[in-house]
Amino acid sequence: MATGNALDAVPAMQTRNGPAPDPLAHLNAVPAITDPRGVVALQEATRWLTTEQQVIGLPTETVYGLAGDARSALAVSRIFAAKRRPSDNPLIVHVASLTMLEDLVGKAAITPVHRRVMAAYWPGPLTLLFPIRAGVLPPTVTAGQPTVAVRFPAHPVARALIAVSGCPLAAPSANASGRPSPTLASHVVRDLDGRIPLVLDAGQCACGLESTVLSVQDAARPVVLRPGGVTVEQLTATLGVDVACHSGHVADAATPAAPGMKYRHYSPRARVIVVENSTATAVAAVCSRHSRVGVLRTVSPVAVPGTVDFDARADPVKELFRALRWLDDHSVDAIVVEGMDDAHVGRAFMNRVRKAASEIVDARALTGAAAVAVPSSTLSSAK
């Protein structure tokens, strides 16, 4: 008798009337876009993606993506060129049906563990790694890695475009490489105007941070490679085993298995200073070191006098990238970010601000009114 990890053995459920409904059947439903303007926009986007093999700005529930046909080496090369993205930074491929996923990676690559998390979190802000299927995608999509990152977005416009065009879409964030990710169409236009022909505008993104990237290649030791909208704690509860979280740092000579692991990201023009274990006193002390400073508040109920203030307390995760761009637009020379607890959704928030940071301050290291800067040796340097 064969043995294996419990996660590998997920028996088919039975009912009195036979097998239970497929828990993934909902993944073959296609959202209907009925507004005439939306239909025209989808047709125009499809033309750019298919006939022209071009790339466009696409709304998703996480951030706006820079989308191109993942099967086209030309389209993929245009994604890297428009973003000025390092070639060893792999892309996430977006699908809009279970059938499209099976065509992309093969049925055998979709394990019972994949199916369990797909049933729980797809469509949504979760990316999964699958073994690549030879001859389907150009190697530039995966940066030569043996796995491909795949996501099933929840946004109806993204899903409809994938379905209408018939294209699995490679779609990293639609920003210039290294800049804060775009959560509004205007952010995409600002970064990529003149580099891409079209942006579909669907308002502000609901999540505001990129997807969680999960590897279940070792079913007994699932690992989050990038935290996001689906938390480590949620995945642990779903899978029934402890889910680890990768440190998020990859050596300069190594190729990352997923995006967001190697390079410095999410950085506005202004210097970003993260205050961990934040207190109002610590934030005020850090602000006093700068002549024109912006503050991204996640906790404090009162703004620091004399600063440019962005109150993100209602939803710090959703507002993070919009706040960084907004504060940058107000010509501050530094942005002080109040840190959050490094757990649940706060883990994704802290992952992003640490990657954006020039400096990290631990509020517990205060001496009198002076905050002690803690150089972050773990921050990746830009390339």
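Any Cβ shown, glycine's included, is placed from N, Cα and C.
Bear in mind that TrEMBL entries carry predicted annotations, made automatically and left uncurated.
Now, the feature entries from TrEMBL:
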{"type": "BINDING", "residues": "THR62, HIS94, ARG151, ALA171, SER211", "note": "L-threonine binding site"}
{"type": "BINDING", "residues": "ARG85, ASN89, THR147, SER173, SER181, ARG226, TYR266", "note": "ATP binding site"}
{"type": "DOMAIN", "residues": "39-230", "note": "domain 'YrdC-like'"}
{"type": "REGION", "residues": "1-20", "note": "region 'Disordered'"}
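Each of the binding-site residues ARG85, HIS94, ARG151, ARG226 was scored by how many other Cβ atoms lie within 10 Å of its Cβ, and the smallest score goes to ARG85. Apart from the site residues THR62, HIS94, ARG151, ALA171, SER211, the chain places the Cβ of THR60, GLY65, ILE92, PRO125, THR127, PRO153, ALA158, GLU210 no farther than 8 Å from the centroid of the site's Cβ atoms, the recorded L-threonine location. Looking at ASN89 (ATP binding site) and SER211 (L-threonine binding site), their Cα atoms lie 16 Å from each other.
It is THR147, among the binding-site residues ASN89, THR147, SER173, SER181, SER211, whose Cβ has the fewest other Cβ atoms within 10 Å in the structure shown.
The binding-site residues considered are THR62, ALA171, TYR266; of these, TYR266 has the fewest other C-beta atoms within 10 angstroms of its C-beta. When the Cα atoms are compared, ARG151 (L-threonine binding site) and TYR266 (ATP binding site) turn out to be 21 Å apart.
On a Cα basis, TYR266 (ATP binding site) lies 16 Å away from ALA171 (L-threonine binding site).
SER211 (L-threonine binding site) has its Cα within 10 Å of the Cα of none of the binding-site residues ARG85, THR147, SER181, TYR266. Recorded residues THR62 (L-threonine binding site) and ARG226 (ATP binding site) have their alpha carbons 13 Å apart, per Cα-Cα distance. The two recorded residues SER173 (ATP binding site) and HIS94 (L-threonine binding site) have their Cα atoms spaced 12 Å from each other. Taking the Cα of HIS94 (L-threonine binding site) as the reference point, the closest of the binding-site residues ARG85, THR147, SER181, ARG226, TYR266 is THR147. Here L-threonine is bound by THR62, HIS94, ARG151, ALA171, SER211 per the record. The longest Cα to Cα distance in that group is 12 Å.
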